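Residues or ranges marked as domain 'EngB-type G' by Swiss-Prot on the basis of sequence analysis: 27-201. The GTP binding site annotation in Swiss-Prot covers 35-42, 62-66, 80-83, 147-150, 180-182. The feature Mg(2+) binding site is assigned by Swiss-Prot to SER42, THR64, with sequence analysis given as support.
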Amino acid sequence: MDTQTLNFNKVHFVTSAPDIRHLPNDGGVEIAFAGRSNAGKSSALNTLTKHKNLARTSKTPGRTQLINLFELEPGKRLVDLPGYGYAQVPLEMKLKWQKSLAEYLQRRESLKGLVILMDIRHPLKDTDMNMLEWSSHRKLPVMLLLTKADKLSPGPRNNQVIKVRQAVAELGPQIQVEAFSSLTQIGVEKLAQTLTGWYLAGADDMTDGEQAPLEE
């Protein structure tokens, strides 16, 4: 299956949860999508799965307030995490989202890979770097998608990818940086191939009896 990818359009919605205590049992392999509230996270999920309305998109950043779980097949799930970094919401709500996000990232043993999305024109904000540094500490594989790549012509686009790759290189080889566009399909096949590899590797880990370590 090295040259094949999973059929992501077979995905179906499982549940929405305000925190990890309301999620299904912590087993199988989960790959989570995270990003700032205007990074195009929902659009990327919809494009990957070829489902127009799988993840709700909105012109209002910060619409995703819950942890949303989708299943590809038994034991293989996609997770749409609450967006971070949006200032124009009440402080109490922002803190609630941050706690929910942190708990999932730190305690969910079935989390085997993280897709972090950033607008290619405004990458590597402080909150993005915090996510990358945490992932590096946990040795979690990361695919960093520079979204809205269609907004730049090929030359500047490629330069931005190179610049970001250089900036995150010190965090380790487990971070893969790619341009992505839901509109023009740039990077969609690479995303599908990478996620397929993570799912298969995670399933192998479970077969071998290995578990991801819990963080403090």
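Count begins at 1; order follows the chain as displayed.
Positions of Cβ are set from backbone N, Cα and C atoms, glycine also.
The structure displayed is predicted, hence computed values, not measured ones.
Distribution of Swiss-Prot features across the structure.
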residue	record	Cβ neighbours (10 Å)
GLY35	GTP binding site	26
ASN38	GTP binding site	18
LYS41	GTP binding site	25
SER42	Mg(2+) binding site	23
LEU66	GTP binding site	16
PRO82	GTP binding site	23
LYS148	GTP binding site	23
PHE180	GTP binding site	28
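Mean pLDDT for the domain 'EngB-type G' (27-201) in this predicted model: 89. Cα of LYS148 (GTP binding site) to Cα of SER42 (Mg(2+) binding site): a distance of 12 Å.
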